[in-house]
Amino acid sequence: MYRTNIIGFGLAVGSSAFIGSSFIIKKKGLQRAGASGSRASSGGYGYLLEPLWWIGMVTMIVGEFANFVAYMYAPAVLVTPLGALSIIVSAVLAHFLLKEKLGKLGILGCVLCIVGSTVIVIHAPGEHSISSVEEIWELAIQPAFLLYTASAVAVVLVLVLYCDPRYGQTNILVYIGICSIIGSLTVMSIKAVGIAIKLTLEGYSQVAHFKSWVFVMVAATCIITQLIYLNKALDTFNTAIVSPIYYALFTSLTILASAIMFKDWSGQSASSIVSVLCGFITVLSGTMVLHITRDPEKQQSADYSVLSPQISWLVHANGEIWKQNNDDLLPEYVALIHQDHFK
């Protein structure tokens with residue numbers, strides 16, 4: 001294994017621990033904020049005043065910084081799949097802190113993630129040598145990558161402008177789709193910025209290059225967009241569902257984008273490529289096992305009145321008052337007066 005890959009591996013593992021913890025801390029902060037004001041899933045920003053949410057944000061920033069540095073040393077095909085370890089961390093912490101149960105199959109899912117990640121690390125390609133931001137820019141304006149970028153932006157616009165208002169609260173793929181597609185572009189721009197910083201620290205300053213700042217602006221825009229829609233996904237759906245689906249889509253799209261832009265597979269043997277793909281499929285299997293073993297989060301809508309099952313009903317019929325206990329009502333009447341039918 002290349003020395004730079006070892007450094008990237010260590011940073012990626014540390015990053016996963018911080019990011020996995022941040023999911024749970026932010027979730028707790030969102031729950032507290034939602035209990036006293038408008039929820040993030042409804043477009044509210046009350047969580048910005050919640051200290052626990054900010055602790056989660058700091059934890060995520062530390063993890064993302066470690067991940068950022070990891071991209072300086074190792075290819076995206078190695079660093080990105082190791083994000084599966086953050087799923088394990090979040091699943092275990094959710095079991096203890098959010099009471100989202102992790103059963104035996106959930107443990108099996110964690111083991112599959114670890115095994116798959118190990119296979120990927122062993123067979124991952126080495127990082128290609130890049131000597132300037134100009135070289136990265138040439139990679140970014142390849143027709144194939146420009147086509148990928150245009151397609152990604154078009155799909156995101158459809159999800160944001162059409163799907164979000166209609167299906168955002170019921171279909172988890174809307175929010176996570178936006179995060180994942182934008183995330184693949186985030187990784188490419190962050191990797192470009194990271195390489196520019198690394199070259200600058202080595203004595204080849206890239207600060208004066210306008211293209212370096214273009215990558216910085218693209219990265220900042222993508223990160224902010226990701227955070228907004230990730231918050232919506234976390235506040236709307238169960239953490240154990242958000243994490244694996246987000247990981248699967250984000251990792252798949254990032255590997256595709258990196259293969260197009262940086263040509264990670266160039267010079268690799270067929271056996272190495274197949275091994276990495278098998279490792280990735282193993283990790284995906286682990287995330288899916290984690291997904292199917294967890295129950296969807298039961299959320300009580302604030303728009304509905306909570307009624308006691310023992311309540312008595314007063315019904316006016318033909319000018320007379322009829323009083324009846326809920327337990328004594330026929331199924332037809334219970335269906336009519338069920339609490340979910342009243343706002």
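Including glycine, each Cβ sits where the backbone N, Cα and C put it.
The feature transmembrane segment is assigned by TrEMBL to 6-25 (among others).
Counting only same-chain residues 6+ beyond the ends of the transmembrane segment (45-66), those with a CB under 8 A from a CB of the stretch are 11-12, 14-30, 32-34, 36-39, 86, 231. The transmembrane segment annotation in TrEMBL covers 45-66 (among others).
Under 8 Å from some Cβ of the transmembrane segment (72-98) lie the Cβ atoms of residues 4-5, 7-9, 11-13, 15-17, 19-21, 23-24, 27-28, 63, 106, 109-110, 113-114, 116-117, 120-121, 124-128, 187-188, 191, 194-195, 197-198, 239-240, 243-244, 247, 250-251, 254-255, 257-259, 262, 264-265, 276, 279-280, 283, 286-287, 290, 294, all in the same chain and six or more residues away from its ends. Taken from TrEMBL, the feature transmembrane segment covers 72-98 (among others).
If you look at the transmembrane segment (105-125), the same-chain residues 6 or more away from its ends with a CB under 8 A from one of its CBs are 1, 5, 9, 74-75, 77-78, 81-82, 84-85, 87-88, 91-92, 95, 264-265, 267-268, 272, 275-276, 278-294. The transmembrane segment annotation in TrEMBL covers 105-125 (among others).
The transmembrane segment annotation in TrEMBL covers 145-163 (among others). Listed as Cβ neighbours of the transmembrane segment (145-163) (distance under 8 Å, sequence separation of 6 or more from its ends, same chain) are residues 139, 171, 174, 177-178, 181-182, 184-185, 253, 256-257, 260-261.
Per TrEMBL, the feature transmembrane segment maps to 172-190 (among others).
Taken from TrEMBL, the feature transmembrane segment applies to 210-229 (among others).
Residues annotated as transmembrane segment in TrEMBL: 241-261 (among others). Sequence-distant neighbours of the transmembrane segment (241-261) (same chain, 6+ residues past either end, Cβ-Cβ under 8 Å): 23, 75-77, 80-81, 83-84, 86-87, 90-91, 139-140, 142, 144-145, 148, 152, 172-173, 176-177, 179-181, 183-185, 187-188, 191, 230, 233-234, 280, 283-284, 287-288, 290-291, 294, 296-297.
Under the heading transmembrane segment, TrEMBL lists 273-292 (among others). Within the chain carrying the transmembrane segment (273-292), a Cβ under 8 angstroms from the stretch's Cβ atoms is held by residues 77, 81, 84, 87, 91, 105-106, 108-120, 122-125, 240-241, 243-245, 247-248, 251, 255, 265, all 6 or more beyond its ends.
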Remote residues contacting the transmembrane segment (210-229) - C-beta distance under 8 A, at least 6 residues beyond either end: 133-134, 136-137, 175-176, 178-179, 182-183, 185-186, 189-190, 192-193, 196
